[in-house]
């Protein structure tokens, strides 16, 4: 690893830091990329569609409005995201199939696990600004995540020499 979020925060004090309710569920704990956003409530239809498209090392940021009644991500959509080159997923909501998620080379951050699958009603909005955890998540802005936390920046940050402070 060539960078950590603490080092990026030291180097770029203007970045925005997400409040820390998120847990790592994926096989990758360090990931970054430009954001694609989804706003949905207990319906992962848009997530399923996006995971089937080329990810190009982007990060899917999902505002599930904090609901933990239904998991928005499980092993099938996550495996599709891996196969299509997504770097990671940040979910303001729940996930399931946690043992399988942990075995996949995908960053997955969410609030908690929930065994109940989503209801598919073909609802949700893509590429709209969303806000949760005290942070505005804007399509095309960059997300950086590791075991220390999540930060966002309007532009990509130079990662060269970002490690090594403190």
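Glycine residues also receive a Cβ, built from the backbone N, Cα and C atoms like all the rest.
Note that this is a predicted model, so its numbers are computed, not measured.
The substrate binding site annotation in Swiss-Prot covers 74, 75, 76, 77, 96 and is backed by similarity to another entry. If you look up Swiss-Prot, you'll see 97 marked as divalent metal cation binding site.
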Nearest-integer angstrom distance between the alpha carbons (Cα) of residue 77 (substrate binding site) and the residue listed as 'divalent metal cation binding site' = 11
Ask   = Within 8 Å of the Cβ centroid of the substrate site residues 74, 75, 76, 77, 96, which other residues of the same chain have their Cβ?
value = 71, 73, 78, 79, 95, 97, 100, 101, 117
Note = Reading the DSSP string in three states, the entry for residue 76 (substrate binding site) is helix
Between the residue listed as 'divalent metal cation binding site' and residue 76 (substrate binding site): CA-CA distance (Å) = 9
